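The feature signal peptide is assigned by Swiss-Prot to 1-16. Residues or ranges marked as N-linked glycosylation site in Swiss-Prot: N21, N85, N143, N228, N279, N383. The annotation domain 'Olfactomedin-like' is assigned in Swiss-Prot to 192-464 on the grounds of sequence analysis. Swiss-Prot lists C193-C394 with the feature disulfide bond, giving sequence analysis as the kind of evidence.
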Amino acid sequence: MYICLLTLVLIHAAAAFVAQNATGILAGKDHCVCEVLLPDSSFPAKRVGALEDETIRLSNRVEDEMQKLEEQDIILDTYSEKIINLTRRVEYLEKLHPESLVEISFEVLKREIRELEMYISAMRVKPNGNSVQVETLYNEVKNMSKTVGQLETLDKNNVLQAKREIVNLKKRLVDCEKNLKAKPSLMVPLGSCQHQGLAHISKPNLMQLNWKGNAYKSGAWGKDAAWNTTKKSLYWVAPLNTDGRVLESIRIYPSMSDLQMYKNPIDLPLSMLIKNKLNNTFAGQGAGVVVHNNNLYYNCFNSHDMCRASLTSGVYQKKPLLNALFNNRFSYAGTMFQDMDFSSDEKGLWVIFTTEKSAGKIVVGKVNVATFTVDNIWITTQNKSDASNAFMICGVLYVTRSLGPKMEEVFYMFDTKTGKEGHLSIMMEKMAEKVHSLSYNSNDRKLYMFSEGYLLHYDIALKP
């Protein structure tokens, strides 16, 4: 028995020399014979090649995924900065209503929106009912879906607003379905004054803090309130200075989404810097502000003049409101310098004020926008200083008063068409004690309130 050293050479690009000891027999004087059994004489070159190709493919995929991860890191950094910048807004809301801030599941939120879309889509094909109302709800749900998509990576404040809007839409859908079953529909069409007046005011819907911050308590906000305006999607916010008197500028947003995200703002200055000195010739005074047909109407600073500023051309005008009292002579209870309060409704533009002759009683004036003058006035029996605010619907004045830090009451009305007045009691919840401004918009039938720096709105119902 002898030990033989065998050297096998495997012919392949990936092979090497292999040495192995084996038992053999001596054949002759210088030959050692060993028996070697190889299971397969051919090397699997094709399989190795395929493995190499697969390795290259996987390597490329790993590189692609790494690139995607880097891009995601950049996106996450961007949104992290946005969240940090929006933290202040959440903190303000936590101070106001901490019990309302809860974790919201976006998946649940989006699922509810999809259900609403399906529900309204089914209602759109029904032959009866009020198609205008259905289309309005359909468009609002579509807008809400878009807004939730934008808010998913942003602050909780707007998520809660979206949740509240969905709850509100669900309630309106129930009412809408009831209207569909009713023949004929009892819904009062938008723009119509064929009704019996104000019937109900919804709970408050919180939009957000004004763009200047929590220190700016007084101001006004809303949409273009002229009936059937071409600027229905435009929003404006007008916080007064911290003194609660001077309005130096307003901010305009092209859409609700822009307003909620504080995006794409357009600032309209009312105070002018002339020779390094602030000129308040066209500055505003008080929060009795409204936008009507793309024009801002307000009380000129330190005067009984009415001011008008075009939101597009920046042209400023002023006209005296004869005999009107000003400079906080007769403002609303709880808010300063709102001696002159502009309001818009289905009938046009109005101004609410007082005169020496009226002895502090509310006077309603109809504004002729063509001549920028007040053509007709009505003197009521209601003291302005006993009211917290007022608004117009279809030529009828509605006056509110405070019943405490959380409740407001619409308690007085005056019809300019008939000259008749009356008392009523329609409750209106509020989130803070002071109502700094309150205005009506006939295009969406909402009330817009500015209260302690926050923007709120209410849905209203009219008696058919």
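Using the three backbone atoms N, Cα and C, a Cβ is placed for every residue, glycine included.
Fair warning: this is a prediction, and the values are worked out from it, not measured in the lab.
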With every protein chain in view, how many other Cβ atoms are within 10 Å of the Cβ of N279 (N-linked glycosylation site)?
12
In whole Å, note down how far the CA of N228 (N-linked glycosylation site) lies from the CA of C394 (disulfide bond).
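About 14 Å separate the Cα atoms of these two residues.
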Could you check the glycosylation sites N228, N383 and say which one's CB has the most other CB atoms within 10 Å?
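Its Cβ has the most other Cβ atoms within 10 Å: N383.
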Which of these recorded positions is closest to N383 (N-linked glycosylation site) if you go by CA atoms: C193, N228, N279?
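Checked the recorded positions C193, N228, N279; minimum Cα distance to N383 (N-linked glycosylation site) goes to C193.
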Between N279 (N-linked glycosylation site) and N228 (N-linked glycosylation site), what is the CA-CA distance rounded to a whole number of Å?
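It is 35 Å, counting Cα to Cα.
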Find, for the listed disulfide-bonded residues C193, C394, the residue with the lowest Cβ contact count at a 10 Å cut-off, counting only other Cβ atoms.
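Checked C193, C394; of these disulfide-bonded residues, fewest Cβ neighbours within 10 Å: C193.
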Helix, strand or coil by DSSP: which one applies to N383 (N-linked glycosylation site)?
strand
If I take the alpha carbons of N228 (N-linked glycosylation site) and C193 (disulfide bond), what is the distance between them in whole Å?
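One finds 14 Å between the Cα atoms of these residues.
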